[in-house]
Amino acid sequence: MKRHLISAADLTRDDAVLILDTAEEMARVADRPIKKLPTLRGRTVVNLFFEDSTRTRISFEAAAKRLSADVINFSAKGSSVSKGESLKDTALTLEAMGADAVVIRHHASGAPYRLANSGWIDGAVVNAGDGTHEHPTQALLDAFTMRRRLVGRDAGLGRDLSGRRITIVGDVLHSRVARSNVHLLTTLGAEVTLVAPPTLVPVGVESWPCEVSYDLDTVLPKSDAVMMLRVQRERMNAAFFPTEREYARRYGLDGDRMAKMPEHAIVMHPGPMNRGMEITAEVADSDRCTAVEQVANGVSTRMAVLYLLLGGSEPAVTTNNARTEESK
Amino acid sequence: MDAHRDANPPGSVSARPVLEAPDIARVLTRIAHEIVERAKGADDVVLLGIPTRGVFLARRLAAKLEEITGGKTPVGSLDITMYRDDLRLRPARALARTEIPGEGVDGRLVILVDDVLFSGRTIRAALDALGDIGRPRAVQLAVLVDRGHRELPIRADYVGKNLPTSLRETVKVQLTEEDGRDSVLLGTRGTAAAEQ
């Protein structure tokens, strides 16, 4: 029985819309005096983080706790992993502890897939970011934020993002967020344009279901949402652009550029932001920037994912890993 | 929404109506009068329908109450999916809307409204869900049909029709808002629905 969320490409349109609709109901729990549901009582969710992360881990933790699941946080620092334990042995340990779901972040692309398909564990595997591959829950919360802002909170229920034009700007090469978003947003009917310096566009991008542009200013007036990616300094082991200042001037979003966007268009950022680099403080602090809202929506979206994967006898979302293999 | 109650087996050609549209209207009018009588004017009443059809019944009751008392009765919906005790027996299901009226439920008389009262488990879940939202002065239950076979110590305060059934029978409530017509159908469970 497949019950994992490894790649945004595994989700069908109906699955994705179901997750977004469920997240909309989960969001209402946050407005109540008692922000807790008994749904996952007695289930154990392990947050297995081999890579630093604050917001994703806290977001998953909050989501699991609001659904009454027991949460075990496992970070590679200060664990047996720093003593050289393999992924397999770590997985077997978690299995022995009875983990019903493992939320994994790993620096190696494909680690969640390996965990899900190795037979080491029985529980559900949720990919919380693997290397430069995918980060499906981030894409889901981005889509959720877009649907709320561009279609409407109630009007959006049951609907996708068809016809919306989404621009993703920046370090696409290293960005698992961009990869997951391209898959998910296309599934939801949106038209995606990637804007990046040629050196930061991945090889094989022609096969992605999106457009590629090198000029931010021509794309901005035609965008309903602009997603600024973080320049990942920690992965910049080669000279991808001459100076940070030049990058900021050509691909950074400042007040003047934001003024070229349509009235209704929003600015998104998955965080953490490098102010002054890909986004100026003026834009980051404006009403049109949804960065903080995205964090709040992240909890609701992850609650929806955990509920749909763990809430019943079998997952309501039919993520089929066979399709991942096809799409590779 | 509750497969226990409203599953309409494809094989049940023999479903026969027990209540038709005029009967349902009459029954709701009577329940509205009973509410006003028992709640002494229905000033602090909040109606919460249980999705899907309970919500439509709650709205209709609110309209009847307004005709009788002249005042507006707050009406909302209470989704119980996440509080069910059989979640792990079936695939995770889609959630319905919970909409609590602006007045809230604290210190008020909350009347839960549902279409069919059967095992009582839905109402048990609704009481748990309500407890997480606030603390009503009292909680009462109004149902269109009570078909018996309770599995929990729960009873309805307002019953549209008591319908003695066997466990092999199905009760299907149809309402114009959802199904295009008003009726209550009593059928026999076909083999096609044996998965229940």
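Including glycine, each Cβ sits where the backbone N, Cα and C put it.
Per TrEMBL, the feature carbamoyl phosphate binding site maps to A:R55, A:T56, A:R105, A:H135, A:Q138, A:G271, A:P272. The L-aspartate binding site feature in TrEMBL is assigned to A:K83, A:R176, A:R230. Taken from TrEMBL, the feature domain 'Aspartate/ornithine carbamoyltransferase carbamoyl-P binding' applies to A:3-147. What TrEMBL records for A:163-309 is domain 'Aspartate/ornithine carbamoyltransferase Asp/Orn-binding'.
Every protein chain considered, the tally of other Cβ atoms within 10 Å of the Cβ of A:Q138 (carbamoyl phosphate binding site) stands at 29. When the binding-site residues A:K83, A:R176, A:R230 are screened for a C-alpha within 10 angstroms of the C-alpha of A:P272 (carbamoyl phosphate binding site), the residues that qualify, in sequence order, are A:R230. In sequence order, A:S53, A:S59, A:A128, A:G129, A:V177, A:P270, A:G298 are the same-chain residues whose CB sits within 8 A of the CB centroid of A:R55, A:T56, A:R105, A:H135, A:Q138, A:G271, A:P272, the residues recorded for carbamoyl phosphate being left out. The DSSP breakdown of the domain 'Aspartate/ornithine carbamoyltransferase carbamoyl-P binding' (A:3-147) into helical (H, G, I), extended (E, B) and coil residues amounts to 65 helix, 27 strand, 53 coil. Put simply, A:R55 is the one of the binding-site residues A:R55, A:Q138, A:G271 whose Cα lies nearest to the Cα of A:K83 (L-aspartate binding site).
All protein chains considered, the CB of A:P272 (carbamoyl phosphate binding site) has 11 other CB atoms within 10 Å. Within 10 Å of A:R230 (L-aspartate binding site), counting CA to CA, the binding-site residues A:T56, A:R105, A:G271 contribute A:G271.
Candidate binding-site residues: A:R55, A:R105. Fewest other C-beta atoms within 10 angstroms, A:R55. If you take the Cα of A:Q138 (carbamoyl phosphate binding site) and the Cα of A:R176 (L-aspartate binding site), they are about 9 angstrom apart, rounded to a whole number. Of the recorded residues, A:R105 (carbamoyl phosphate binding site) and A:R176 (L-aspartate binding site) place their C-alpha atoms 11 Å from one another.
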